[in-house]
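If you check TrEMBL, you get these features:
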REPEAT    76-109  repeat 'WD'
REPEAT    119-160  repeat 'WD'
REPEAT    168-202  repeat 'WD'
REPEAT    251-287  repeat 'WD'
Amino acid sequence: TMGKLQSKISFHTTKYRAEGSVGQTGPAGASWQHSPAHTDAVTSVAALKPDLCVSGGRDKSVAVSSWRSGAALRRFTGHEREVTKVTSALDSSRVFSASRDRTVMMWELHGTAGPSQHFPGHDLVVTGLAVSPDASQLCTGSRDNTVCKWDTETGECLGRAAISRNLVTHLCWVPGEPYVIQTSEDKTTRVWDSRELQVAHTFPAKQHIQTCCDVSQDGRYCLSSSSGSAGHGAEATLWDLRQTRGRVCEYKGHFQTTTSCVFLPRGPTLAPSIATSSSDSTVKVWDQGTAGRG
């Protein structure tokens, strides 16, 4: 069934141009320019604080930017290859980055330009990165079929678990819980108990690779997104984490791989919504509750 796309909402539009200028459309037609945060493709972006975001790029760098002004405030370099994932605990000034150089690094927003901690240990590109809400622990995943847990203060590896064919694509921490959600190229979405680093639950396998995952702020639901082509697959799936731990509904409408999925912040007058991005060059916003009911 086709999910209900929220297409009738009127949004204030901002146009982003490749050369680094930002033109804002509006009554005054105001515009401004700034230097781009990266010199090559941006591979990952995450919220850092209410007015900041962190991004990683093919240029091997990590940048902290203000989403209000668009200005890059800090730029960290140290990885030897492309940065694949970035993340941060929202109440922390620590930034974490994963790379094709098989390492993970921690950076201090108000510290020196170099990394404050290294987390080496994976045998292949690191593709999953999730930090605990208090930023004391870090979970990482890789195409080497392993998930690792780290102490962010000491850099010590606290656990390592391997599952055959578990090529990790994404990790995210459940707010207020010791659980981590993980998607994989083996078409499954797993729930890890970070305390013993054991799989607590595995959702039924989908028909396509699971590319990304996210968890709602109340910790009740998680999302996963699927690869696909020519209109087959490419859906996002809503899973119940607390009750049946089963599939709640699906959001279908993309024609190519759904590359990312996220729960949108809920406003006082807005219904719960999610957003998905796709290789079909679109971003879609869905009503979380009515998708899957036509």
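Keep in mind that glycine also has a Cβ here, set from the backbone N, Cα and C atoms.
Curation plays no part in TrEMBL annotations; they are all automatic predictions.
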Top partner of the repeat 'WD' (119-160) among 76-109, 168-202, 251-287 - counted as Cβ pairs under 8 Å: 76-109
Helix, strand and coil totals (DSSP H, G, I; E, B; other) for the repeat 'WD' (76-109): 0 helix, 19 strand, 15 coil
Cβ contacts under 8 Å made by the repeat 'WD' (76-109) with residues that lie 6+ beyond its boundaries: 43-49, 54-58, 60-64, 115-120, 122-135, 138, 140, 142, 150, 152, 170
Structural state census, the repeat 'WD' (251-287) (DSSP three-state): 0 helix, 18 strand, 19 coil
Tally of residues which DSSP labels helix, strand or coil - the repeat 'WD' (168-202): 0 helix, 22 strand, 13 coil
